[in-house]
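To keep things clear, I will list the structure first and then write my remarks on it.
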Amino acid sequence: MGTLRKFIFHLLLINLLLYAIESVEYLCSQDDENCFDRQMHPDLVREGEELERSINPLEYTNNYWLNLSREFIKQQMNRQPNTSKAKNIIFFLGDGMGLSTIAAARNLLGGTEQKLAFEVFPYSGLSKTYSVDRIVSDSACTATAYLCGVKAIKGTIGVNGQVDVGDCATGIDRNNFVDSIAKWAMDAGKSAGVVTTTRVTHASPAGVYANIADRDWENDSQVKEACGANSAKIKDIAYQLMHGEVGRKLSFIMGGGKENFIDSSLYVNGKRSDRLDLIEYFQQEHPDNVYVETRDELMQVNLTKANRILGLYQDSHMLCHLETDENTDQPTLEEMTIKAIEHLQRNENGYFVFIEGGLIDWGHHLNKPRLALDESVEFSKAIQAARQITSEDDTLIVVTADHSHAFSYGGYPQRKGDVFAPAPASGKDGIPYMPLNYANGPSFSKFFDSGNGQRVDPSLNIVGNANDEFPSTWPMQWETHGGDDVPVYASGPWSHLFTGVYEQNALPHFMAYAACLGNGLTMCNA
């Protein structure tokens, strides 16, 4: 009996070993480079599934690709730099829109071969986004770089590197303030405006008009909490927008953030504690100032009569496009862009306008790529609209991002496949995986069972909802930014300056050169 038990035990052991060998990939010898190549670049197809053919059958021919290349060469050869003076500057900022976001977003247009509106611009380059103190930066110090022309400390806005984040003393020293290109434009007699899908007091738009040591100081209550007795001399970001040297002269202001402009005793969702209603102040500042809170109100504004226009459509950030429905009365970024240009172009001297697709960043921070990629498409629509109602002869349009995200796009998905669906094969653990993933973020616990030490099938949590979270590798309250360079696209006068790899703070100097703004080197004094 003991011999039989031993025989059965060894038989079971052999079967287990055979099963394990079948279930695990063949391990390559360290010297077998061909084996490594095969395993690094597998043909990923699910069992019983045929590899789908490409979208366009012509892609399987030589002539398709040869003709495509010839046409691009002809286009490049026929391109002539525009060295006219720029009358207008439109600066589009896709917050958090790194290269992986752009590449993945093309799938929403019908495939990876498609192009977003700005990808047809004649000139492009790469911007280095690090700050004075961090390899990976935030939207505050990057705004100082791409709007004011100097790099600074993470978390600060409109001040130089002498000011640490949250420094209540050095943050009010005007010697540390830096002016934005919006001020340079207004000093030259142009109009200026700011449009965003975030709060108008958020880090990126605040770079247009604010000088402050902490991006979080959007209202006076936040300043008081941080600085206590030292807060009296510090003007919060909302206050600077209404009373500041730059903010009070902006002709067009649009986005979210109503909560930061009204005292809590005057408005149930207000966050101020100084008994001020800055919206009422704006309305009383000039009889022809116009304040709107809905899309319908915006569409009815008489742009020829309005002096300045302020639109605040939500208490905090505006809703993402995918979160709206037929009952949502907020304008799209495209609609706000058109209204901004129509209003600002009345100035015969031209204008500067900053337009931000700010919720791309928000979607990524939440590990929600459906939101982030759809916001990228909405951003592209706004850019397309701007190109259609302006002239490349006198209007410089620049499109870029402030930073990227820890967002990856990989796993050999098929061309016809849904980018939001699982990849065409499972991982070594036998569980499906997603082409779209994050290095970190709040979704970690949904996709990894820490108790059992294994992944959770992502298809159990990703069900086609706009707010689907996608896998992240390690847990964080919010997903982080990325430190890679971000793309820059330009069209119009002197757009050829934007080629190459350069520091992010060079961007406003390029724009100023083209339009003869500020005290630096320009085409007018070169």
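Quick reminder: no glycine exception, Cβ is built from N, Cα and C everywhere.
Listed in sequence order, Asp95, His202, Ala203, Ser204, Arg215, Asp361, Asp402, His403 are the same-chain residues at least 6 apart in sequence whose CB falls under 8 Å from the CB of Ser139 (active site, phosphoserine intermediate). Annotation source TrEMBL lists active site, phosphoserine intermediate at Ser139.
Close to Glu356 (Mg(2+) binding site) in the fold, though at least 6 residues off in sequence, lie Phe92, Leu93, Gly94, Asp95, Val194, Val195, Thr196, Thr197, Thr198, Ser204, Pro205, each with a CB less than 8 Å from its CB. The Mg(2+) binding site annotation in TrEMBL covers Asp95, His202, Ser204, Glu356.
Per TrEMBL, the feature Zn(2+) binding site maps to Asp95, Asp361, His365, Asp402, His403, His481.
As annotated by TrEMBL, signal peptide applies to 1-23.
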Environment of Asp95, Asp361, His365, Asp402, His403, His481, the listed Zn(2+) site - residues of the same chain whose CB lies within 8 A of the CB centroid: Gly96, Asp138, Ser139, Ile360, His364, Ala401, Ser404, His405
For His365 (Zn(2+) binding site), nearby residues of its own chain (Cβ under 8 Å, 6 or more apart in sequence): Gly96, His405, Gly441, Trp478, Glu479
